[in-house]
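Among the features that TrEMBL reports, domain 'Flavodoxin-like' is placed at 8-152. Feature annotation from TrEMBL assigns FMN binding site to S14, Q15, T16, G17, N18, A19, S61, T62, T63, G64, D134. Summarising the annotation, TrEMBL assigns domain 'FAD-binding FR-type' to 221-466. Sequence annotations record features per position, and here TrEMBL assigns FAD binding site to R370, R400, A401, F402, S403, G437, L438, C439, S440, W625. Under the heading NADP(+) binding site, TrEMBL lists T479, S545, R546, K551, V552, Y553, V554, Q555, D587.
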Amino acid sequence: MGEKQRKLLVLYASQTGNALDAAERIGREAERRGCPASIVSTDEFDPSSLPYEEAVVFVVSTTGQGDSPDSFKEFWRFLLQRNLGNSWLQRVRFAVFGLGDSGYQKYNFVAKKLDKRLLDLGATTIVEKGLGDDQHPSGYEATLDPWMLSLWSTLYQINPKYFPKGPDVMIPQDELTDQPKYRILYHKQETLEPELMAESADIIERARGMSPGKLSKDKTKPDCFLKMTKNEVLTKAGSTKDVRHFEFQFVSSSIKYEVGDVVELLPSQDSSAIDAFIKRCHLDPESFITVCPRETENNGSCGEVITHHVPIKLKTFVELTMDVTSASPRRYFFEVMSFYATAELEKERLQYFASAEGRDDLYNYNQKERKSVLEVLEDFSSVQMPFEWLVQLVPSLKPRAFSISSSPLAHPGQVHLTVSVVSWITPSYPYKRTRKGLCSSWLASLTPEQEINIPVWFHKGSLPPPPQSLPLIVVGPGTGCAPFRGFIAERAVQAQTSPIAPVMFFFGCRNKDTDFLYKDFWESHAREGGMLSEVKGGGFYTAFSRDQPKKVYVQHKIREMRKRVWDLLCDGAAVYVAGSSTKMPSDIMSALEEIVMEETGGSKEMASRWLKALEKAGRYNVEAWS
């Protein structure tokens, strides 16, 4: 290879943006050591060129139940081809870093299977795979920091040409060597075309299309808009939760959806907080801007890129793309802030927060308290960060996803949601503060009279709509009952004209009197001859965990009904599980495993294989959210 400059390829697969953050950090650290790095999403990289790379770092996240991000699916399918052979990647060195949550059964599943497959294809590991854990007090960075140091020193041992500046570098504390990745162009108002006052869908598409937070291939234009027609509290006085039933109708155009689908809503941020952010950062809310990537060797000049971006008002851009009121900034935000702090004490504290030694203290100050960008900027009042950096580093405003709780057959032209309004108290004494979930609390504050148009996107969830001939065993404690309200309502309509298979439904909550969501709906279908009646081969079973001294959960009820559950499984039933607890899905799996063992007389391994086969056949579906 002679004197050729070595380079590093960082391939990432991100669902929410965390793996992209980690990949960018790995790229930055490599470049600080003098090694050029390309950071590319797996859906924008041609996998057939992988054998020609000499050093590749993969950063991949695992979502809830062991699923891979959408951007990884095609790349993974390519790697699974049988004809690739075990020497296909023999010249490639690689390292895998995974982002996962050890609260789930299939912890970092995607990183583990990728690591194994790359070895099978003949590639060589640079360092042992790193597994970042969301459950750790400092998040995935607790593993990423030491893992990167090991990666740099090993690469340097393999070939010092990787790092002309050596494997250990100190960041100069007085000058910022990094450049922001985006440029902002300001436009004179009088030169703008009148059609800029476009309809809201185009404005949202325009703003979010320019936003750095856009994950590749995200759809920026909303599918349509919804208008709220009902906001009803489902929980009763005395409940520890505030769960709402929302009903919406389509505004102008409607979208076809199926039961089990998911809808994403783009929430509105508090306008006084947006004004405070704009004022704190000395920005002009009325100026018109375009945001584009800086000039690089492969994307031409900003002027060329701008041709498909129409200018947008700065305040609108902030409102639609930058989460200034609810998401906590990343560690890199504090590092860049330190260069723009003019007060010495603030500068020192920010430098400490950005260092490895200060990581846990930063976690206690920032993530644990769920500090917003606006609060952080107010705490460090001497910092004046250029807007380019803010656009790059303020977390992007993300749509929030909810399981749809209606059926298009039973509720034509409507979309129903079952939403728990999120609020919690921050841990720090004496400053304990109430925090609220941005989207759920915004929805709870709306009334039908306001006639607010809400931008939405529809998606397939992980619960496929079941054919009416398929018997079902469904488990939906708390708001996990949402999709099954749609399932049952749909089957009730279908039952009027044709025979349908039975449904067993297990519901759970804390207290019968205060938390029994949709009580009348379930009970009416459980009556004689109803969708959930035992006469029809189904059943409705409830677990109220706090209504007796010993806690009773849905898995206990499943064990109680073991005989009927087994009979329905033997009749070809599919299992559907939904809910918001990290442990619940694996507790249900264990209960079913016990039933299979008991009924067949087989071993635990055999029962586990039996359920895995059910999963493979599409007859075991889980949708869990944290």
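Heads up, the Cβ atoms here are built off N, Cα and C, so glycines get one too.
Remember, TrEMBL labels are computer predictions, not curated facts.
Across the domain 'Flavodoxin-like' (8-152), DSSP classifies residues as 61 helix, 34 strand, 50 coil.
A gap of 34 Å separates the Cα atoms of V552 (NADP(+) binding site) and T16 (FMN binding site).
For N18 (FMN binding site), the same-chain residues 6+ apart in sequence whose C-beta sits under 8 angstroms from its C-beta are S61, L99, Y140. Summarising the environment of R370 (FAD binding site), the number of other Cβ atoms within 10 Å of its Cβ, over all protein chains shown, is 15. Taking the binding-site residues T16, T479 in turn and counting surrounding C-beta atoms within 10 angstroms, the largest count is reached at T479. Cβ neighbour density within 10 Å is lowest for T63 among the binding-site residues S61, T63, S403, S440.
Neighbour counts were taken at the CB atom with a 10 A radius for the binding-site residues A401, L438, V552, V554; the maximum falls on V554. Whole-number maximum of the Cα to Cα distances across the FAD-binding residues R370, R400, A401, F402, S403, G437, L438, C439, S440, W625: 25 angstrom. Checking each of the binding-site residues S14, D134, A401, S403, L438 against R546 (NADP(+) binding site) by C-alpha distance, the shortest gap belongs to S403. Under 8 Å, Cβ to Cβ, and six or more positions away along its own chain, D134 (FMN binding site) finds L99, G100, D101, S102, G103, Y140. Here the Cβ of D587 (NADP(+) binding site) has 17 other Cβ atoms within 10 Å, regardless of which shown protein chain they belong to.
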